[in-house]
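Going by TrEMBL, these are the annotated features:
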SIGNAL    1-30  signal peptide
DOMAIN    32-332  domain 'Plant heme peroxidase family profile'
DISULFID  CYS42-CYS125  disulfide bond
ACT_SITE  HIS73  active site, proton acceptor
BINDING   ASP74, VAL77, GLY79, ASP81, SER83, GLU95  Ca(2+) 1 binding site
DISULFID  CYS75-CYS80  disulfide bond
DISULFID  CYS131-CYS328  disulfide bond
BINDING   HIS203  heme b binding site
BINDING   THR204, ASP252, THR255, ASP260  Ca(2+) 2 binding site
DISULFID  CYS210-CYS239  disulfide bond
Amino acid sequence: MAGGGSVRPATAAAAAALLLLAASATACAGQQLRRNYYAGVCPDVESIVRAAVSKKYRETFITVGATVHLFFHDCFVTGCDASILIASTPNATAEKDNPINLPLAGDGFDTVHRAKAAVDAVPRCRNRVSCADILTMATRDAIALAGGPSYAVELGRLDGLSSTASSVNGKLAPPSFNVDQLAALFATNGLEMEDMVALSAGHTVGFAHCGTFAGRVWGAAAPDPGMNASLAARLREWCPVGVDPRIAVTMDVVTPRVFDNQYFKNLQDGMGLLASDQVLYTDPRSRPVVDALAQSSVAFNRAFVTAITKMGRIGVKTGAQGNIRRNCAVLN
């Protein structure tokens, strides 16, 4: 269970001020974004991206989790600016090569690069649509393809002008985080407890490497008493001691190919794969949200769309803060 405890007034005031500042920045970003942003320069951009994502999805369902997780990891570091897509050079290590980003599946990157190529194949669209917006659209389309909610996306982001591995430190949650730590991280990005829980459903698709939860099934106190005994037994079979570190298992073992609210039902049954997943149910502050989203698909879809829309406004680059990359993996 996550540590609760009392919060000193000074700490609470500082946290409130931080949340207000982050929310203000997010609101400003939202004003800079709008639907149909490309109507005048590339009116068919959304259908072009959707077709590219659909083709990739037909090749491998890994596309969904890979693209969704890529979007999360991009937005939480320096904002939704496609800096996660930049490739490292001999003289500079980019975000994607920070250790916490190394497990990101290559299929997510490939999805964006394919969509970018499809957009740029249309003469009037070439170099007119940012990689950041393409990643945003591709994420929405991947979610819908897996049975998740369809929603309109706000567009108008520019691509970031830098990407460094060091900028990732402290910006993404390791699997050991408790609710206090998770809530603080999300608050710095203008996201509230309800948003945090809803967005955690990104783990209803995709995979996790055995090493990220090994301590829960093989550690000194293993199996973790908070883990469903049947799941723990299966994980010990799938991830034996000395397993190849490249081996991964589906994060939702019940409906791994569907973007749905099964993730929350799994938490109710002690079947959260990561400790940072299961803590959302064991902590009494976040449990009511988990219960509500587990009970209603409609409530989940509504909460998730609200939260991912807010997340898409984090750190939006405009004007001299960014540009439109010719190659999503290379700074102009």
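Each residue, glycine too, has its Cβ placed from N, Cα and C.
Where the annotation comes from TrEMBL, it is an automatic prediction and has not been curated.
The shown structure was predicted, so the numbers you read here are calculated from the model rather than taken from an experiment.
Structure with TrEMBL features highlighted.
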residue : record                       : contacts (Cβ under 8 Å, 6+ apart)
CYS42   : disulfide bond               : ILE48, VAL119, VAL122, ARG124, CYS125, ARG128, VAL129
HIS73   : active site, proton acceptor : ILE84, GLU95, ASN101, LEU104, LEU172
ASP74   : Ca(2+) 1 binding site        : CYS80, ASP81, ALA82, SER83, ILE84, LEU85, ALA132, LEU135
CYS75   : disulfide bond               : ASN189, MET311, GLY312, ILE314, GLY315
CYS131  : disulfide bond               : ALA82, LEU85, VAL112, LYS116, ASP159, ILE324, ARG325, CYS328
ASP252  : Ca(2+) 2 binding site        : HIS203, THR204, VAL205, GLN262, TYR263, ASN266
THR255  : Ca(2+) 2 binding site        : THR204, GLN262
Minimum Cα separation from GLY79 (Ca(2+) 1 binding site), reported as the residue among recorded positions CYS210, CYS239, ASP260 that achieves it: ASP260
Chain-internal residues near ASP260 (Ca(2+) 2 binding site), provided their CB is under 8 angstroms and they sit 6+ positions away: GLY147, GLY148, THR204, SER297, PHE300
Inter-residue Cα distance where the pair is VAL77 (Ca(2+) 1 binding site) and CYS210 (disulfide bond), in Å: 25
Output field, Ca(2+) 1 shell: CB within 8 Å of site CB centroid, site ASP74, VAL77, GLY79, ASP81, SER83, GLU95 dropped: HIS73, CYS75, PHE76, THR78, CYS80, ALA82, ILE84, GLY160, SER163, SER167, GLY315
Distance [Cα-Cα, Å, rounded] between VAL77 (Ca(2+) 1 binding site) and CYS239 (disulfide bond): 30
Shell of the Ca(2+) 2 site beyond THR204, ASP252, THR255, ASP260, same chain only (C-beta within 8 angstroms of their C-beta centre): ALA201, VAL205, VAL254, PRO256, VAL258, PHE259, ASN261, GLN262, TYR263, ASN266
Reported mean pLDDT - the domain 'Plant heme peroxidase family profile' (32-332): 96
Count of other CB atoms lying within 10 Å of the CB belonging to CYS328 (disulfide bond): 22
Neighbour-count leader, CB within 10 A, binding-site residues: ASP81, GLU95: ASP81
Residue among the recorded positions VAL77, CYS80, CYS125, CYS210, CYS239 whose Cβ has the most other Cβ atoms within 10 Å: CYS80
Cβ neighbour count (within 10 Å, all chains shown) around THR204 (Ca(2+) 2 binding site): 29
